[in-house]
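Pulled from TrEMBL, these are the features on record:
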type: BINDING; residues: GLU21, GLU54, HIS57, GLU98, GLN131; note: Fe cation binding site
type: DOMAIN; residues: 4-149; note: domain 'Ferritin-like diiron'
Amino acid sequence: MKTTLISPKIVPEFHRQIGSELEAFLQYLAIAAYFEKAALPRLAAHFARQAEEERGHAMRFLQLLVDNDADVAIPAIPAPEAQFKDAEQAAALSLERELRVTEEIHSLLRLARQENDFTSETFLHWFVKEQLEEVSSADQLLKMIQRAGDRRLLLVEDFLTRSDQTKLTKEKASEGS
Ligand SMILES: [Fe+2]
Ligand SMILES: [Fe+2]
């Protein structure tokens with residue numbers, strides 16, 4: 001007998017979501033490589049970090065399935081876009097993907113509610129918050145890249161360096177508290 005607290009109906013949808021998070025992982029790796037080649041190291045580091053976050057998202061779903069003694073299946077992952085016309089196109093793709101994942105998370109949440117699956121519902125709340133952050137930061141970065149234009153991307157690099165420092169300071173402050 002399986003000891004599970006999640007609805008059997010949502011399990012295949014979680015498999016699909018693992019695929020989607022891993023697809024985002026690969027897409028961000030490809031975008032990071034694009035910026036690295038364009039000699040924009042802060043943008044490259046930003047997307048490499050995003051990639052790691054996506055891997056972490058996939059792991060969260062995987063862990064939920066394991067904890068619930070559910071079947072684990074990982075779908076085939078399509079190859080990411082690797083060629084970009086310019087920085088704006090790469091940043092626009094990242095916003096588009098984040099909006100798509102947000103839709104996916106919302107429809108998972110609808111299903112969890114339909115099924116009275118409180119375990120999945122509670123689990124998914126973290127992702128609802130996370131997607132708001134991801135969409136808003138992808139949107140901000142795209143706007144900044146558009147405003148800077150191709151020839152002034154170093155300004156965006158400078159912004160990322162400074163905002164990283166702010167984040168580090170915040171992390172240090174919260175560690176101390
Ligand atoms: Fe994600
Ligand atoms: Fe994301």
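Just so it is clear, glycine is given a Cβ too, placed from its N, Cα and C backbone atoms.
Given the structure is predicted, the values throughout are model-derived calculations rather than measurements.
Shown here: features listed in TrEMBL, placed on the structure.
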residue: GLU21; record: Fe cation binding site; Cβ within 10 Å: 22
residue: GLU54; record: Fe cation binding site; Cβ within 10 Å: 22
residue: HIS57; record: Fe cation binding site; Cβ within 10 Å: 24
residue: GLU98; record: Fe cation binding site; Cβ within 10 Å: 21
residue: GLN131; record: Fe cation binding site; Cβ within 10 Å: 19
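Screening the binding-site residues GLU21, HIS57, GLU98, GLN131 for a C-beta under 6 A from any atom of ligand 2 leaves GLU98.
With helix defined as DSSP H, G or I and strand as E or B, the domain 'Ferritin-like diiron' (4-149) counts 113 helix, 0 strand, 33 coil.
Checking the binding-site residues GLU21, HIS57, GLU98, GLN131 against ligand 1 with a 6 Å cutoff on the Cβ atom leaves GLU21, HIS57, in sequence order.
The Fe cation site is set by GLU21, GLU54, HIS57, GLU98, GLN131; from the centre of their CB atoms, other residues of the chain with a CB within 8 Å are SER20, ALA24, GLU53, VAL101, PHE127, GLU130, GLU134.
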